[in-house]
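A.B. asks: Here it is: the structure, laid out below.
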Amino acid sequence: MSGKLIPPAPALTGRLFTVGLVISWYSSNIGVLLLNKYLLSNYGFKYPIFLTMCHMTACSLFSYIAIAWMKIVPMQDVRSRLQFAKIATLSLVFCGSVVSGNISLRYLPVSFNQAVGATTPFFTAVFAYIMTVRRESWITYVTLIPVVTGVIIASGGEPSFHLFGFIMCVGATAARALKSVLQGILLSSEGEKLNSMNLLLYMAPIAVAFLLPATLFMEENVVGITLALAREDVKIIWYLLFNSSLAYFVNLTNFLVTKHTSALTLQVLGNAKGAVAVVVSILIFRNPVSVTGMLGYTLTVIGVILYSEAKKRNK
């Protein structure tokens, strides 16, 4: 009888593998967010475009190694100039989202940054309606009210509120939603669909091509300043290398967790991830928080959960 209570070895190994993936996903997501905040705000490395370019360079390199050499997924080819132009468009929006998000971290605490980021479903619904004229049920739109209301309340109760940082954070959230909607429109045909790993393989080098002139023009002498910093404190090089590697592992673990868990599990884990990031960031950075701000963030998270439930029931 006792033998029946013990899961078979393959099943147990599979569960442990999934748990390990989820821990890796959480660690890489929260780690890159906190390290971005540390570098751009606490450490004083005030070059978000250059930092994003480092991330995209690492994603280009590691994506090629993972797909061409390690064969984690089969390589999918770009079949036409039109498909390449569509990927380039997605890459440009992706760049705008990541750069804006990194800029916002210079001015806002991670906790408030995550509260604003939780409004992604609101922008997704707006862009989907405008660009595809796809209407959701009325109850789905009603669930977006607490999502937006929560952020308004959190903004009013945020001790470290910064208007420019807030605008950048809203812009990053909107761009993230726009990329999601555009991806569904532009790469919708069977011949053009790419899995997230292959999409990153093509988007990342294009992003570097966009970001290189931008950082050279907008962040004057950034390479020289970084090298000068490295001569004073060699840790900056290790921070940048580790941070850039983490940025790739965020995408890799996200792909693997999506592959090895159910949609419901992924949804629950995704909602919880933001809350974990908020708690960890407050413990590490000791940024002041208010009861009003936390109530606002909680309301937003509840709204996101209700929105996800409403979407699931209307499928």
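If you go along the chain as it appears here, the first residue is 1 and each next one adds 1.
Every residue gets a Cβ built from N, Cα and C, even glycine.
These came from TrEMBL, pasted as-is:
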{"type": "TRANSMEM", "residues": "12-35", "note": "transmembrane segment"}
{"type": "DOMAIN", "residues": "21-308", "note": "domain 'Sugar phosphate transporter'"}
{"type": "TRANSMEM", "residues": "47-72", "note": "transmembrane segment"}
{"type": "TRANSMEM", "residues": "84-105", "note": "transmembrane segment"}
{"type": "TRANSMEM", "residues": "111-131", "note": "transmembrane segment"}
{"type": "TRANSMEM", "residues": "138-155", "note": "transmembrane segment"}
{"type": "TRANSMEM", "residues": "161-178", "note": "transmembrane segment"}
{"type": "TRANSMEM", "residues": "199-216", "note": "transmembrane segment"}
{"type": "TRANSMEM", "residues": "236-257", "note": "transmembrane segment"}
{"type": "TRANSMEM", "residues": "264-285", "note": "transmembrane segment"}
{"type": "TRANSMEM", "residues": "291-308", "note": "transmembrane segment"}
A.B. asks: Under 8 angstroms for C-beta pairs, at least 3 of them, ignoring pairs fewer than 6 apart in sequence. Is the transmembrane segment (199-216) in contact with the transmembrane segment (12-35) by that rule?
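C.D. replies: Answer no: the transmembrane segment (199-216) and the transmembrane segment (12-35) share fewer than 3 Cβ pairs below 8 Å.
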A.B. asks: Could you name the stretch, out of 47-72, 84-105, 138-155, 161-178, 236-257, with the greatest number of CB pairs under 8 A to the transmembrane segment (111-131)?
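C.D. replies: Per the Cβ under 8 Å count, 161-178.
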A.B. asks: Do the transmembrane segment (47-72) and the transmembrane segment (12-35) come close, with at least three CB pairs under 8 A (pairs 6 or more apart in sequence)?
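C.D. replies: Answer no, regions not in contact.
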